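If you look up TrEMBL, you'll see A:20-231, A:441-650 marked as domain 'MacB-like periplasmic core'. The transmembrane segment annotation in TrEMBL covers A:21-41, A:289-309, A:340-361, A:381-404, A:425-449, A:684-708, A:736-755, A:767-789. Per TrEMBL, domain 'ABC3 transporter permease C-terminal' is recorded for A:296-404, A:688-798.
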Amino acid sequence: MLKNWINVFTYHIKNNKLFTVLNVLGLSIGIAGLIFAILYWNDEQSYDQWNPNKDNVFLVANQMDPTTYWASSSAPIGSAIKNTSPEVESFCYLNGNYDNEIIHYNNKKVQSDKIVVAQKNFFEYFPYSFIEGNIKNALPDVNSISISQDLSQQLFGSESAFGKKVILQNQVLIVRGVYKLDKKSVFNPSCVVNFMDTRVKNSIQQWGNFQFILLLKLKKSTDSEIVTKNLAKVYYENMMMPRAKAQGMSPQEFIKKFGEVKPHLEPLSIVRLHTKTGGLIESNGNYQLLLIFAGLSILVLILSIVNYVNSATANAVKRAKEVGVRQIVGASKIEIIQQFIFETAVISLFSILISLVIVELSLPYYNVFLEKTLVLQSSQFYLQLFVIFIIMIIAAGIFPAVYVSNFDVLKVLRGNFARSKNGIWLRNGMLIFQFAVAAFFIIGSYIVYQQINYMNSKDVGFNGNQILNISYRNIYGEKISNEDRMRKYNGIKNELLRIKGVKQVSGGGFVLGNGAKSVISYHHKDINIDGNNIPVDFGLLEMMKIKIVKGRYLSPDYSQDTISSMLINETALKLLNEKDPIGKKINWDGKEAIIVGVVKDFNIGNPGEAIPPVTIFHFKSVPWFTSLLNNIYVTADPKTMPQTIADIENLWTKKVDSDYPFLYDFVDKEYKKSYSSYVKQKNLFSLLNIIVITIALFGLFALASYSIERRMKEIAIRKTLGAETNVLLIELCKQYIFFCIIGFLIALFPVYYLLNKWLENFAYRITISMFPFLIGFTALLSLTLLVVLSRAYQATKVDVLKYLKYE
Amino acid sequence: MITIKKLSKIFRTEEVETNALSEISLTINEGDFVSIMGPSGSGKSTLLNIIGLLDSASGGSYELLGQEMIGLKEKLKSKARKENIGFIFQNFNLIDELSVYDNIELPLIYNNVPSSERKKKIEHIAAVLGISHRLKHFPQQLSGGQQQRVAVARALINDPKIILADEPTGNLDSKNGNEVMELLTDLHAAGSTILMVTHSDYDASFSQKIILMKDGVILSEKLNQRNVDVLVTSKN
């Protein structure tokens, strides 16, 4: 029986090479898309799922206003909640950034960029498996360090690391453990040090200083609500009440005016994808992209399955005789169904194999796109692949098989079956679905394109062309003062200015595109403004061509400019609601500041974000700003740029920082990175757009071919009766135009709704106009006509006699 | 073997009701060779299809080998068909995508005959019908007469109790048509039961009994003299 099936199957493949290839290709592209989505999905979902504590370790997320959640907490709350809430088993403070430092061992230097500063129970929260040492004694004291296997390899080679002494930040540390970093987590440290105790102790009085990440381990995961309430209570009693008292208000009044901290608990298992905060140490999973991608790839797969079903049922008409004969010589319906499902199974298997090849070949690009290192393995993945296979057989196989097995044997054998209208409504329905999906993609990708274009062409308010941004590590430590930092910076600045080609040098405490590093709120006439701090050296704003709207730039000519002068941007001015802001005194963080100028709004975040109110000071005006000085901006003669950069690097590695690599970028390039994820989404959408349109057009082509073939006799009769070619063409095309319009109308609402949702990501966005819809409709209609007309034109050229004599 | 009593078939469309068969009664015994003749639309093909279990009747009774077929479930009909009935068509109805060998093999496959036995049977019947050298060819590569032989081989491979032939010579020239008729006569002589629908008086003359139909009723039954002996013996 199998041999017989295979014979028929291979015969059809041989005689319908084009359609078979296109069918298999369509399916395999659809499956490949889904595989990509699954790989991404599996990867994102695997974060922290291995952790046995995932449900009873919680991140304290503090809600500062209706939309802002901070992942950081203040230092005293940890022990306070442990004391007041017996449900809390323990707490662990961690640093919210990886430290990037050099670790010394004898004469060896290894730079490690994922150093986590934590408390000693870190490994009880994240129980990585230990190769040397153990979890309990991983960080017993402040002189301990536990390192990952990779780092151990780099530092000590094949030697045992346990007990060895290394130097980090001028401190001698003893290696207490080596762990395997083989599982994904929101913390993936190359090594962990126990410096957090000191930092917590130093700021134990500062209730309002939210600077560390706090994790709580509860005895029972169901207690999170009680603990949340207790946290709120602790903040209220220790922070709100004293502050209200200091202002001479009742706590209720105080909260009404200044807001309050609302703590929430997020279990570790959901932090990666669903946290409301800006994320812990690793960037958050992009849940939206994940959903978009999964949704679109499923849509593409459905499209390719519909395509397959459509052409399979259309093709089945040609095989009616075979089916009829089989039934007459004794095949039961079940056997016919089995035969056709078998064919689908073989096609599906082929498609899956080809899709695996496609995936394997394009995985490197995909990994670059997602900034991940996905691979095609894991039993979970192959299980999912098997499920896809089964679903495809069910979705793509059963319908055509049942359809075929229900052929009326008598009609088939009398020979007038080919023109029967059996199942035609369903094929047309599927065709309309394809049109709708194609319209969705054409319109959608055009809108996405428009938005990205809009962001690209936006006047960002500065000009970063040919300006170098050099990453400057600055100097820190107990004994280093703000003056030391300023002195060192000025030294570097003078050295840089001496290099040939360098025109201007100026320091800054921000990177355009990344937003401000610190936010300090100030009040003016009962108006609260969350000012984003931009610390600058003289000349920086001029260098970046950030324009002044009112007043003047900061200048060394005015002595007060390094004491109290402050610049704000237009957004801040609007909030201040002052007609004449120049010379106004502001109480800024306990000091008196005087507004001397207003700058034109410029983007410090990505161009889709709203521009926040900005506060600009010279480094010297706010002494601790010097600790934010991590960028030195340089303009140079473009003609000698390569040589100038080489000279700067030479100076840098010799005199400024010999340990760390010299890192720089051009400001405009760097800025583009701030919205690269949206550019990627656009590219993804465009790629899928092409795929979808290709699949849909092929489906249309196949269906038009079959249905025109069915109508060949009618065409022949019309022609003998004197119909002209163009009348025939209209006759053949009009139903497809009709379907095309219906499909387009069906797509209208979903595309409008979903794309509007997507555009909500952007404060600075386009409104959806008629234009993309017009473009989409025109494109869809002209592609449809192109395909159908080409088929129809061929049909009208055929030899009339052939079809009239037939039968 | 076949007993039909008051069999009727009514085709209904929205406006018209057509009596394709009105209360036909007929008996066919084992070993009979019966021809049905009549003009187009007389109901002869409908009758053949009902006997072949391809179509269902509107009323009356049809017993095949003592078992009532009217109202039988599709599955049992299919079983009765594949075990008892072999078909020969005017347009051969071979599967173009399968070789001659595969075409003849089909009924055996669906009757679950083991593969070794299948091969033996096919080779035997191909030898009998003189198409042994054509087994690897595809239907389109054969002449009409050869195609019809393949169809006959397929109809016979399962040793059916009755062979139904629907204008078996309709698509053949007289030489090939003659060959096919001689083949059927030989089969009959070897004991097969055959029911044939035909337009041709010449073809009908090969059979023992000719039934003439018009407008859904049997006008006359006529015995062909030269075959009367066979009819008598088969009645025993």
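Placed from the backbone N, Cα and C atoms, the Cβ positions cover glycine too.
The average pLDDT computed for the domain 'MacB-like periplasmic core' (A:441-650) is 89. Counting residues 6+ beyond its ends, the transmembrane segment (A:425-449) has Cβ neighbours under 8 Å at 299, 302-303, 306-307, 309-310, 313-314, 681-682, 685-686, 688-689, 692-693, 695-697, 699-700, 703, 735-736, 739-740, 742-744, 746-748, 750-751, 754-755, 758-759, 766, 768, 772-773, 775-777, 779-780, 784 in the same chain. Highest Cβ pair count under 8 Å relative to the transmembrane segment (A:289-309), across stretches A:21-41, A:340-361, A:684-708: A:21-41. A Cβ distance under 8 Å defines the sequence-distant neighbours of the transmembrane segment (A:684-708), meaning residues of its chain 6+ beyond its ends; these are 19, 22, 26, 29-30, 33, 293, 296-297, 299-300, 303-304, 306-307, 310-311, 314-315, 317, 369, 427, 431, 434-435, 437-438, 441-442, 444-445, 448-449, 715, 732, 736, 783-784, 787-788, 791-792, 795.
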